[in-house]
């Protein structure tokens, strides 16, 4: 009799077999599911505190996706030989799981919840993110914690005009899209994607396809819950204090309506904070006992009602715009004198200073991924200091939000970058958000594109991004173009679209409510396209095309190709030749296995000298060609002649003169410069030379 009460569910999901198990591992967690998807195995666990902390006014959910190197049969490369801080992929996957599950916890549930996912085994063809999403959904669903799930998720590729469910890593290389969608049976909640300039129709089709396929996983989770689910918590949302709400409305509503007539963000924020202070003072004056956190929540609800009702009634938005207008745009290129490329992109009260730096291949980021090491020649880093919103706060290493925003901007630009053959530089773009009032990640896309073009990167097209919002009440809805920060907090959907005039390159969507239909998404995408075209027009006015030359302060890269068999000649014994070349010419030289050599230098003369010397070292001896060289050694049967650096040929005694030569030293001496003709080379690369082939044959005199 086993001590385990193990329950297993298996299902076929496209090309993959998926097995979910519970009851054997991590039995003390609130919920634990071991999921195997064709050899990629993840363990998702969920634990929730039984009570919320007193005074808690937000939902403390944490999601940690952790990859173990043993999953790929590897030992960590760090000094301590154990896993350290999360990689960028782990951070992004943690966010990917957090985003669709967070809206499904009931309003007023403030108990701490922690979801931890360990990747225990990895099939390089099956990335861990989709298995982790499904396992997390299953673990939450069987735990009994208040959760309006389960959710399903799927990855969608677009290959040869067809949607492909959960493609392998190799298949993805041939896809023009990499899209992840997650949602409940009824509604899409989250989309994260990159694409190679695809139309709105194709992207929407992928979302619908992925959502339908995700329901296969949801059905399997329902079966697991039926057989292994724990009792649902006896939890009820705290009863609302209707008397206190009425008093707060009476004290604050008119003042908040007036505050939301103020167009300037800073002044409006100051006014709403004053309303909060006055409301609390008014309640005290009336002798009402209250919890300050609860009152602030009530005021937020009033603000949301004011803003939402005004927009649905067709009134102007917070800053006076209608639903389709983009805020005023200002663009300035080459802002910084000594950087390789820079742009200042301002849209209303959101501003990004974006700077591009060009480097050599040695500057590429080496990524030690679980599925294999690789190099990344394009980096985009996003920073948002607290002063951007007029606040104080911690400054230091990037937070999850900053990593996520940087990745989104990178996804948007990567489709239009030149190939390595067209532009061999490593590129690093840094977006410094200097002001923020909504959509700073999309400002980073616009500024990033302009900054790259300013640096002389031959982009295939301009890329612009726009953040959209949605407010929905029953059958009424309004799609908002270029949302403000307040509209983001008070709205029902936040989605960001980036692309060119030809199509979408990145799409991110987060939906907070059920009932967003395909038709609503269609309207939103069409309105986003209209805004994107407007911004692209402004960008093209500011900078029609990339600068023809890179900055004077950027390294110049010169590429040449040699026979791969000659690489060892260029490197030399113990690296002596390449070291001497770089030191004597003042250049950086990078050699690839296929014989591609990249020379980096700010001085074209130095680069030309390095090229000339490499050409000499790698030159092939040509049969029939005449060379001038010094004799390096005298032999009994001839002499060795240096034809070019590192290449000698044999001048046989019979090829010195037309007459018979008894002693080589009668004709030649070491160090003597002579002209010789190449007769042949054998299969081992040995070269046979002749002097007499260049001499006139003596006349034959008859006596």
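Here the Cβ of each residue, glycine as well, is placed from N, Cα and C on the backbone.
Sequence-distant contacts of residue 488 (Mg(2+) binding site), defined as residues of its own chain at least six apart whose C-beta falls under 8 angstroms from its C-beta, comprise 438, 467, 469, 494. Among the features that Swiss-Prot reports, Mg(2+) binding site is placed at 488, 494.
Positions annotated as domain 'KH' by Swiss-Prot, on the basis of sequence analysis: 555-614.
Positions annotated as domain 'S1 motif' by Swiss-Prot: 624-692.
Assigned with DSSP, the residues of the domain 'S1 motif' (624-692) fall into helix, strand and coil as follows: 7 helix, 36 strand, 26 coil.
Over the domain 'KH' (555-614), the average per-residue pLDDT in this prediction is 88.
Its Cβ placed at the centre, residue 494 (Mg(2+) binding site) has 21 other Cβ atoms within 10 Å. As a summary of secondary structure, the domain 'KH' (555-614) carries 32 helix, 16 strand, 12 coil according to DSSP.
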